[in-house]
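Below is one structure, written out as structure tokens; comments come after it.
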Amino acid sequence: MADIALARAPETARQVRQARMLSVGARCALPVAVLLGIGFLAPMVAILAYSFATPRSFDVFRSFTLENFASIFDPTNTVWLSFAWSVGFALFTVAILAVIAYPIAYGLNAVFGRWAGFISVLFVFPLFVSENVRLYGWVLFFIKNGVLDGTLKWLGLPGGPEVLYTPGVTLFGMAYTYLPFMLFPMTLGLALVPRDLVDAARDLGAGRLFIWREIELPLAMPGILIGMLLTFVLAIGATAEAKILGGQSIIVISHDIEIAFTYSQNWPLGSALAVVVSVFIAALTLTALSKLDLDRMLGRR
Amino acid sequence: MLQTLPAASTAVEAPRLPILQLVGVRKMFGGFAAVEGIDLDVREGEFLTIVGPSGSGKTTLLRMLAGMDTPSEGNITLRGELINDVPPNKRPTCLVFQSLALFPHKSVGENIAFALKVKGADAATRKKRALELMRIVRLPDNYHDKNVMKCSGGERQRVALARAFAYDPEVLFFDEPLSALDYKLKKALEKELKDLHRETGKTFIYITHSLEEAMVMSDRIGVMRAGRLVQVGTPEEIYGAPVDRFVSEFVGEVNTLKMKRVGQQWQGVDVPGTFTLGSPQNGAVLDEAFVVIRPEYMRFLAAGERADNQLKGTVYNEYSLGSRIQYQVRVGSKDAGEKVMLVELSRARALPPGASREVTIGWDAADAFTLGS
């Protein structure tokens, strides 16, 4: 035993110094680690701390109470409704986008082949314009005497439907906003399906629907699932669509959080809500990702 | 009925009808004819190999046969039925892809039974048939549930083959499936493929750029060049009676000498001299000809020994080909034209170590081909 201990002990001062120093990799990663610590971890810690502070106070790190969480889960509190709206609308958005984006992604791959991924990046360009600006654009489009209504009336038609400030148009806005996030991974996913395999399946007697079900869909699944997950996580935190297009006809959870932090100046409650939502999304995402075995789906294992 | 037939006619085997027939098949890509003027009868149950250098149109031809491309002109008939526009999933043919195109998300068994699943067979039937086919292609039973991507190269070949057999096609196409394998495995699988052909009695159409592969396996070989089928024949015919220089050179290393007719004699164009030539294949009268001599038909002439044709030269290189030795002999002269001729001898007849490098090489007219082009 003693021999081993001796053998392991650093023999020179230089080795001692080296042992105390970080490896090259760790030193290179340090700036990013510091940045993440300050920019990402610190706010999370602050939120977490606030969620346990006395309600309607700024006694962060000095008080500890579960009151905020208790009030959220209090049956008389209707905040669960906002949460349900958010989850429901996020799910709807994912479903709608899956149906819309799949044919587009399929078409992009069929027409542009290898360049399909690049072309689908072009769909991201609208993101360079502020989301609010784009949504107000839709308001102008749908509003009474706006682009749609006005044009129809000018043509002597009865005018457009009054869709503005309804839950339906909120959903439309969400589908519009998150289309690129579904389309891009889906296009890449579909590009993973080798042409040969489709030819081979057809050669073995399979019809179009059978090939889609047995070959194309399973092989494109990694991209489709990542697109769905990304869209869901983004859509569950959406507020602008419900506020601007929906005219607050429904209140989503992020709107509730925003109100708690601004109008009601109840940071602890807002923090607690944020923590609940974050835990929910994180649990969902991690579960989905653990089920999503990319290697197996791509046949590498 | 049978009894009324005369005894003599039963003794004669009825001529086997072609299973696949190509008449004037042509495929245009834009203004470029990838495949042109293909007339070919494929006999039922034969192993036909189409060989040609890359870009010769053999893959395009195969894709048309499999239904993945349609001919721009001409007819393809299967058992007398026009199939030009019949899609691959409606044809009783199956292609083994160069990439094998195995389904990476399916197990070995699921890959093999794919065609059965298409037909709506239940799980038990599929498994039973998959195991049967796995035995035919010599895959162990416990591979049934193995992920196909975990299989080795040779095993994947067998899976692809079994998957094609499961479709129960009348004609099987192969698009160079062995090209990615190492030499030893390739040789073993060539032999297995030939055995499977005999055992199943199916019609095999195989394409490759390797004539060696074609020679080993095929009943007949078709040589393609620039979209056209230059020659179709048994391996012996292709080797022993090539129709032109392209085929003769494709089959193996050859010595080619250009000749021109001067009166009743043939004069060498590349190397000076008067030569005796065999008659051209189709009896054509030629003013210019190429004489093609395989290296193994060349020999060194000892003093006093004679051959129909002889040339003096210098051995400047020799290679061992294992059991054989190949000599590179420079003939002619710098002024009148020089040429390197190949002479291949069995090791037993090799030049002795101390022998002079100044040699006389010769060949008989009957051992050479006289070709017009």
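If you go along the chain as it appears here, the first residue is 1 and each next one adds 1.
Keep in mind that glycine also has a Cβ here, set from the backbone N, Cα and C atoms.
TrEMBL entries are annotated by machine, without manual review.
If you look up TrEMBL, you'll see A:28-53, A:83-104, A:111-129, A:175-194, A:215-238, A:272-292 marked as transmembrane segment. According to TrEMBL, the feature domain 'ABC transmembrane type-1' maps to A:83-288.
Counting Cβ pairs under 8 Å that are 6 or more residues apart, the transmembrane segment (A:272-292) and the transmembrane segment (A:28-53) reach 3 or more and are in contact. Of the two recorded stretches, the transmembrane segment (A:215-238) does not lie close to the transmembrane segment (A:111-129), with fewer than three CB pairs under 8 Å once pairs fewer than 6 apart in sequence are set aside. Here the listed stretches are A:28-53, A:83-104, A:175-194, and the one with the most C-beta pairs under 8 angstroms to the transmembrane segment (A:111-129) is A:175-194.
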